[in-house]
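Enquirer: Could you have a look at this structure, given as structure tokens, before my questions?
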């Protein structure tokens, strides 16, 4: 394993403050990573508080094992499994706060062997959990032009998706794409777009990573699971890093603030209408401060949204 840079947790204090932690509350950190949020949550908890952390990355699980605290528990798996994890523990509907820090972490990006970054050469893997599922190289070796182009367009909003997809399928006949630099250099050659401050392969690498890890489906499942997990007045605190993630989170909160669509003409009282609302936004969406962006450039695109569970 190559040496990874120390992970700087983005919007650390803001995300944890959004949980409005009760000393004896029950909390879930759905993305343990390197433990920045979890460690701060534990500092706010009293002796009877409880924190369950989740991560599907074996390296994160190894880091979590260093926390020797009876209030803390780590679960190895995707955060989309929140309902089953809590059901096993008899905690559905009893959680006071659920935190998600989406996307890929700095240690994952900086470790060339994980295959997430086009800046360092490594095997073209991109799996959050390298022990499960197909790697990016395996998928690119089998997918057809239309499938590859759809992924690049849908998850990367890549304007030249078809051109890149055709090049991948053409080239793999003689030399399959198995290294990150190999793929990044090809994309830079065939992609005429020159976005300021952005490598030509940025959108494609993001798209492939999202697809390989089913990231948007995972997020949607986890958000729906949060509705079952949270107690009345429980908080949902979510940090996203690109427009696709943030759009999903924003629309989810708005949908459950409004409640179900009711056809015109059906006589319902204000109380009955309010009964269908499951969430309310807490404050406005937050971006990192200029100081944080200066200290950690990867925080630039992050957005924090907080919502509170309403009683039904």
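Keep in mind that glycine also has a Cβ here, set from the backbone N, Cα and C atoms.
It should be emphasised that the depicted structure is a prediction, and the values quoted were computed from it without experimental measurement.
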Enquirer: For the S-adenosyl-L-methionine site that Swiss-Prot assigns to 35, 36, 37, 101, 108, which of the candidates 55, 87, 144 is also assigned?
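Expert: Record source Swiss-Prot; matching candidate: 55.
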Enquirer: So which residues does the compositional bias 'Basic and acidic residues' (287-298) touch in its own chain, when a touch means Cβ under 8 Å and the partner is 6 or more beyond its ends?
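Expert: Tertiary neighbours of the compositional bias 'Basic and acidic residues' (287-298) are 8, 10-11, 106, 109, 304.
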Enquirer: Can you count the other CB atoms that lie within 10 A of the CB of residue 108 (S-adenosyl-L-methionine binding site)?
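Expert: Looking across every protein chain shown, the total is 23.
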Enquirer: Give the number of CB atoms, excluding that of residue 101 (S-adenosyl-L-methionine binding site) itself, located within 10 Å of its CB.
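Expert: Result for residue 101 (S-adenosyl-L-methionine binding site): 24 neighbouring Cβ atoms inside 10 Å.
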Enquirer: Only counting partners 6 or more residues apart, tell me which same-chain residues put their Cβ under 8 Å from the Cβ of residue 35 (S-adenosyl-L-methionine binding site).
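Expert: Listed in sequence order, they are 53, 60, 63, 64, 66, 67.
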Enquirer: For residue 35 (S-adenosyl-L-methionine binding site), just give me the three-state DSSP call.
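Expert: For residue 35 (S-adenosyl-L-methionine binding site) - judged by DSSP and reduced to three states - the answer is coil.
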